[in-house]
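Annotated in TrEMBL:
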- 488: active site, proton acceptor (ACT_SITE)
- 93, 157, 186, 187, 188, 356, 362, 363, 364, 365: FAD binding site (BINDING)
- 223, 224, 225, 226, 227, 228, 229, 230, 246, 315: NAD(+) binding site (BINDING)
- 84-89: disulfide bond (DISULFID)
- 47-371: domain 'FAD/NAD(P)-binding' (DOMAIN)
- 390-499: domain 'Pyridine nucleotide-disulphide oxidoreductase dimerisation' (DOMAIN)
């Protein structure tokens, strides 16, 4: 088969890299919480200095050290993992899981013969579980640094030359870290909205939404992207009346149109309300209730929304200010991103950039791949990241995951294509666990049957999508997927059936 033949031609370098990373992550959970930290002095010269300890930065630092390069990582937060681990991906998934467990216990357990006299919420316990997960993982990364001999400097770094970074440490000292190659991996920050002041109490960003100490009666979410819908889901499951205000005509505009429509219907069944093609004109916090004045995006009659808490979730901006880029002449575009070439080099020799500070998807896993590829280039090896094959996942319930092109994108490119779909209602595992909402959709080139896009909406879609990512990476056809034996009964059989529907016919519908 096409996929198998292509797989045999792959080098072993990718396998070796994955084995190293897998072993490193397993190791992280066995370390004690008391770990020593190294600090670079001005007289030391590193092969690689990484500014930023988020998913891109810490992975780049570890990989550089594994390749035999003397490496230092500078992180101002005082805890590794960046936004993702500390106030983003990890804590949000912890609360999504906890809130889903509560929702299931309250609304669905009885169907499975499990009953309770009274189901209650302990928000403090939920937050405690979230914080413990964050703390454990952060300390685990410190352990990985120690294992791989990465020097860790806690403080804010600023360029003083293309090979020197001055660091104001969290202990109040100043040190200069020198490096032959310096990687900017400072990630992104919350994008604000004009006229709206985020106080992280009543007007919150995603950071504040992760730390609410009680369930708001009414929650208004400004922005119908991945983060807004996930956090809206958390508090909606716990009892909030959630209204999502979105300037655009659709939720999650990057999502495949057909999937998006079904996704919105699913969220509406969960009592999430949507005000699309709507903009926020002003916010009044002068009373105990927050009042938002809204109007149609194109202008028109205004109305007022009331909320206990407002979540501003209008996207993220690259964090490139305060780094002294102007001191060394590193160029940025009009929104603060750093242009780089195919090897992640900026316009200044020896200075590189990865992750959210450069163009491309603002995703933790994309930043990780950037980091690995960047240090491979620095070490004289070859690195590569294909942004067309980066999976995206919305961790609501059901989850929505995708990789490759949407049907709308394929149409715009003028590609003749075939589409195969399979509903989860036809999947044995989904039906047996009474969680059969959603579908799998596969898009393939009509002439060659090569898979160019896969979109999944169902429970655990974020896990199922990686079969599709591998298929796209190796240039597989839908027939390749369809003729691959899938265990029964599993949710992944829906991917096989959708592939069968793409090049021929599905069996179970």
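Positions of Cβ are set from backbone N, Cα and C atoms, glycine also.
When the binding-site residues 227, 229, 246, 362, 364 are screened for a C-alpha within 10 angstroms of the C-alpha of residue 89 (disulfide bond), the residues that qualify, in sequence order, are 227, 364. For the pair residue 246 (NAD(+) binding site) and residue 364 (FAD binding site), the C-alpha distance works out to 24 angstrom.
Candidate recorded positions: 93, 186, 362, 364, 488. Nearest to residue 225 (NAD(+) binding site) by Cα distance: 362. In this structure, the binding-site residues under consideration are 223, 225, and the one with the smallest number of other Cβ atoms within 10 Å of its Cβ is 225. For residue 364 (FAD binding site), the nearest of the recorded positions by C-alpha distance turns out to be 84; the candidates were 84, 223, 227, 229, 488. Taking the C-alpha positions, the distance from residue 223 (NAD(+) binding site) to residue 84 (disulfide bond) comes to 19 Å.
The shortest Cα-Cα distance between residue 488 (active site, proton acceptor) and any of the binding-site residues 93, 186, 227, 362 is the one to 93. The Cβ of residue 188 (FAD binding site) lies under 8 Å from the Cβ of 83, 316, 317, 318, 319, 356, 357, 362, each of which sits 6+ residues away along the same chain. Residues of the domain 'Pyridine nucleotide-disulphide oxidoreductase dimerisation' (390-499) grouped by DSSP class, helix first, strand second and coil last, total 40 helix, 33 strand, 37 coil. Around the Cβ of residue 227 (NAD(+) binding site), 23 further Cβ atoms fall within 10 Å across all displayed protein chains. Cβ neighbour count for residue 93 (FAD binding site) (all protein chains, 10 Å cutoff from its Cβ): 16. In sequence order, 221, 244, 251, 252, 267, 272, 394, 396 make up the list of same-chain residues 6 or more apart from residue 229 (NAD(+) binding site) whose Cβ falls under 8 Å from its Cβ. Same-chain residues at least 6 positions away in sequence with a Cβ under 8 Å from that of residue 186 (FAD binding site) are, in sequence order, 51, 52, 54, 57, 319, 320, 323, 357. Sitting within 8 Å of the Cβ centre of 223, 224, 225, 226, 227, 228, 229, 230, 246, 315, and not among those site residues for NAD(+), are the Cβ atoms of 221, 232, 244, 251, 252, 313.
Packing around residue 364 (FAD binding site) is summarised by its Cβ count: 22 other Cβ atoms lie within 10 angstroms of its Cβ, all protein chains included. Per-residue pLDDT, averaged over the domain 'Pyridine nucleotide-disulphide oxidoreductase dimerisation' (390-499), rounds to 98.
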